[in-house]
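According to Swiss-Prot, the protein carries these features:
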REGION    1-36  region 'Disordered'
REPEAT    88-127  repeat 'ANK 1'
REPEAT    132-161  repeat 'ANK 2'
REPEAT    165-194  repeat 'ANK 3'
REPEAT    198-227  repeat 'ANK 4'
REPEAT    231-260  repeat 'ANK 5'
Amino acid sequence: MEPTQVAENLVPNQQPPVPDLEDPEDTRDESPENSDTVVLSLFPCTPDAVNPEADASASSLQGSFLKHSTTLTNRQRGNEVSALPATLDSLSIHQLAAQGELSQLKDHLRKGACPACTCLSGNNLINKPDERGFTPLIWASAFGEIETVRFLLDWGADPHILAKERESALSLASMGGYTDIVRLLLDRDVDINIYDWNGGTPLLYAVRGNHVKCVEALLARGADLTTEADSGYTPMDLAVALGYRKVQQVMESHILRLFQSTLGPVDPE
């Protein structure tokens with residue numbers, strides 16, 4: 001079986017699926033009886049956009065309801081169920097980073113370090129992209145492996161690298177709601193408003209995942225509330241469409257503070 005792509009352009013051919021909004025915080029389903037992939041969706045498809053009796057002309061219009069998914073497979077993570085389970089020694093640097101296997105990751109980096117490099121920092125591997133352009137740091141950020149992220153950053157991993165479809169460590173950490181990792185990356189001066197091929201920004205991903213603390217952290221560091229994704233959604237539009245009241249309240253409070261700061265102190269006279 002060919003490995004599932006890490007990022008897929010899922011433009012619906014017939015009708016867009018309706019996302020499960022009952023448990024918005026749980027964006028990952030690793031149950032082997034359901035699927036061998038982990039799919040993280042960005043943009044919602046509202047119920048009125050789904051018409052089971054839609055004809056061919058309507059189907060073409062539904063292409064505007066673009067669903068951006070990042071698919072991270074169990075095979076790529078090295079935990080695929082098989083007759084011959086993978087050992088840690090057989091995993092790639094990307095799989096080790098995704099699983100947070102720090103000891104093995106360090107050994108892997110040392111073995112691949114440049115012979116002329118006395119610090120053995122593994123510079124020729126630490127920013128190595130996989131077939132989709134994902135670096136070890138991007139993988140670790142996507143799966144919330146904060147100690148691995150901290151280690152990779154300390155060893156010189158570049159947090160500014162973008163994958164082939166402009167996915168970033170910050171966007172994937174925001175998508176997963178990994179607020180501490182988001183802060184670590186922002187401390188390295190990454191672009192807080194970086195956008196991917198679909199116009200998705202870290203703030204849009206955090207809102208889509210209903211990650212309140214992550215939204216707060218991004219807003220506190222200056223994330224742009226006015227940016228629109230290619231679907232036409234702003235962060236506020238997205239929160240309203242999905243019924244995420246707490247996220248909406250956080251953004252409303254932020255807007256109010258910005259407005260008050262522009263007015264300055266009120267003269268009592």
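Including glycine, each Cβ sits where the backbone N, Cα and C put it.
It should be emphasised that the depicted structure is a prediction, and the values quoted were computed from it without experimental measurement.
For the repeat 'ANK 4' (198-227), the model gives a mean pLDDT of 97. Per DSSP, the repeat 'ANK 5' (231-260) is made up of 24 helix, 0 strand, 6 coil. With DSSP states grouped into helix (H, G, I), strand (E, B) and coil, the repeat 'ANK 2' (132-161) comes out at 16 helix, 0 strand, 14 coil.
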